[in-house]
Number of protein chains: 2
Amino acid sequence: MLERARCLDVGDPLKEFRERFDVPEGVIYLDGNSLGCLPKATPERLEQVVREEWGRDLIRSWNSAGWIDLSSKIGTKIAPLIGARADEVIACDSTSINLFKLISAALAMRPGRKVVLSEPGNFPTDLYMIEGLERQGLTERRLAPREALADALDGDVALLLLTHTHYKTGELFDMAALTHAAHEAGALVLWDLSHSGGALPVDLNGCEADFAVGCGYKYFNGGPGAPAYAFVAERHLKAARQPLTGWMGHAAPFAFSDDYKAAPGVEKLLCGTPPILGLAALEVGVDLVAEIGVDRLYEKSQALSEFFRQCLSERGVVLDLVSPTDPDARGSQLSFRHDEAYAICQALIARGVIGDFRDPDILRFGFAPAYLRFEDMAEAARHLAEVLETGEWQCAEFRQRAAVT
Amino acid sequence: MLERARCLDVGDPLKEFRERFDVPEGVIYLDGNSLGCLPKATPERLEQVVREEWGRDLIRSWNSAGWIDLSSKIGTKIAPLIGARADEVIACDSTSINLFKLISAALAMRPGRKVVLSEPGNFPTDLYMIEGLERQGLTERRLAPREALADALDGDVALLLLTHTHYKTGELFDMAALTHAAHEAGALVLWDLSHSGGALPVDLNGCEADFAVGCGYKYFNGGPGAPAYAFVAERHLKAARQPLTGWMGHAAPFAFSDDYKAAPGVEKLLCGTPPILGLAALEVGVDLVAEIGVDRLYEKSQALSEFFRQCLSERGVVLDLVSPTDPDARGSQLSFRHDEAYAICQALIARGVIGDFRDPDILRFGFAPAYLRFEDMAEAARHLAEVLETGEWQCAEFRQRAAVT
């Protein structure tokens, strides 16, 4: 297997990009869908921002280093990677905060309709942000399993909020079909691209999506807690209003007027002062993804995950796959259900194979193809087979839950 | 003047701390109230976070490097500097976002009252965040000039929201008296400490304040767009609910349940994934302020600003001071009104004296005593006198407004 893997690596058109990341020695990192690896260019760029832009040029850098436009600039770079126009995307705040803005905007655009529809088991923060607005009395949360979503789209639904690639299973929604169904029912659609952006081609405008949000620290390699991004379709830019009306979303922030006037473009999604360190790191990661290209990334991630399955199969490992078997139906991950998923995950980490666990019983492997090799797949499969064969996961130390699992 | 200044510097008990900051050669930086200087320890700390915690340890750092608790940890460090208990403060999001959370929390705690009272000319984002909630139909914004605030505190007022140190004039509110007046009227109080925290002693609990927010990138030297902080008085921690209910504010974020259950403590103010790079830089700045002590900082800033006024006076410079003449009645700044404030500010910057301009006619000088010398005061006064005498501010180049003013 290892030999075949190495042959595949030799023929890999993306092989040169691994060198652009700081992949730690002795680690097979299958958790780039939780926190992307460090691009080698990032420390130097951050050092420049810190020592020169902040340390030396100080407050002047808002103009001279373009800090004031950094959120928009990164948005224009993310835009083509998700099928958006340059003026429809902005990098800011967290995914959660951006969800709040866009759920609110959608509700205001559908007066008389109060329901936000999603699915149970969606990423928690998506569901919780609907609840926040529900507690404000501004919406009603409705959850329907994915097979029942179309039926649940009645005349009360203002917004359909779904995560394109499911965080646990990796299952993909048919963005075009569900967006169309929602529009037919008179509802708007907000797509959470956290596990899609930078991992696979997304065509927001081709699908006529209304709104989207996404995460900067997974496949965009922006660093821990990197700023997120948000998309508003050009046709809604004028009407969309969001309640987090901080000074940076004002049409003229430095006029310091008492009354809020929203910026005309997607900058109206800005709220407080932009986090420059986080944005600077995010830009490096986004630039790298743009250079590689999401089509090529997805093609390789599909090849990696299929090869991983082959390796497991050839080693006789039988695990309950909860991700779709068809690689076109899933994002860049494979998830398996196992009662001892947590302990197995810990035993793998002790061997240098970093995947992750999702409560209660999911063992999740993410395939970030910018820095993973086929050799890593063969080795990860070997380690997983050995962990299961030896039963080493039964050690007490692997069962003790850490604060973050 | 310069000689007297140098004598004062020799006797300055804080003189050693200037060496802990990277103050650029040839610059007199009177804008630490807008963006604090770079602590010399910050680049190294960030390099460690980036290369070791992110690059090498990757996702494991949420546990091993304590990322998951960083927001709370920094909160406990800020707490004693603002008269709060360790469990009442948390570092997160932006000042604007934190305003939204706490205005919302206050409104929910005063059912039947809809008004949020503030003053015209408060920092714009404070006023705009009230407007955001007003547009949601959840509040009514009422503005009253500071001398009329007490009268405006009627039975409709749920919350009094004021900025402790005024961003333009530096004027201080009497926190104890206004908090008491609001409580007498049945209202809660939210103090914006953006221009106070890290600059002067604040006693939130001594004043029986209910809520507070503040900024990390001014006197706390956390870097451009640093995370902000928020305070909830212990007696309100149980009742306070805020609508930005992201997964990090959940009592058990890694249980990944569909339903939100707020964390019991001040962690309920968390929303999305915390911005680790920004928090790491903020921690260095906060540590430095804690080491120096806010009492000593304020004492020196008062001495600096008074000395600056003396220097101006001895040079015969007559400017319209809009800050209180009594140093106990103002924060760490002096502001002057001048029709040509913008151009004068630019002419000073060209000479290496960085103050700032606030629309339409305010020339603002901030005194961040951790890294400023009395010599800087004498020199800044000389430059200002020369700029006014020579009329060099009349150059066309100094009148062209930049994007950020």
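The first residue you see is number 1, and the count goes up from there.
Every residue gets a Cβ built from N, Cα and C, even glycine.
Long-range Cβ proximity for A:T95 (pyridoxal 5'-phosphate binding site), meaning a same-chain Cβ under 8 A and a gap of 6 or more residues, is found for A:T125, A:D192, A:S194, A:V213, A:G214, A:C215, A:A228. Under the heading pyridoxal 5'-phosphate binding site, TrEMBL lists A:T95, A:S96, A:F123, A:P124, A:T125, A:D126, A:T163, A:D192, A:H195, A:Y217, A:W247, A:T273.
When Cβ atoms from all protein chains are considered, those within 10 Å of A:K218 (N6-(pyridoxal phosphate)lysine) total 28, not counting its own. Annotation note: A:K218 (N6-(pyridoxal phosphate)lysine) sits in a coil segment as assigned by DSSP. Summarising the annotation, TrEMBL assigns N6-(pyridoxal phosphate)lysine to A:K218.
Put simply, A:H195 is the one of the binding-site residues A:F123, A:T163, A:H195, A:W247 whose Cα lies nearest to the Cα of A:K218 (N6-(pyridoxal phosphate)lysine). DSSP classifies A:T163 (pyridoxal 5'-phosphate binding site) as strand under the three-state reduction. Taking every protein chain shown into account, A:T125, A:T163 are the binding-site residues, and of these the Cβ with the most other Cβ atoms within 10 Å belongs to A:T125. Binding-site extent for pyridoxal 5'-phosphate: residues A:T95, A:S96, A:F123, A:P124, A:T125, A:D126, A:T163, A:D192, A:H195, A:Y217, A:W247, A:T273, maximum pairwise Cα distance 30 Å (rounded to the nearest whole number).
Counting only same-chain residues six or more apart in sequence, the Cβ atoms lying under 8 angstroms from the Cβ of A:H195 (pyridoxal 5'-phosphate binding site) belong to A:N33, A:T163, A:H164, A:T165, A:H166, A:Y167, A:G170, A:C215, A:K218, A:Y219, A:G331, A:S332, A:Q333. The binding-site residues considered are A:F123, A:W247; of these, A:F123 has the fewest other C-beta atoms within 10 angstroms of its C-beta. Proximity to chain B, defined as a CB-CB distance below 8 A, holds for A:T95 out of the recorded positions A:T95, A:T163, A:H195, A:K218.
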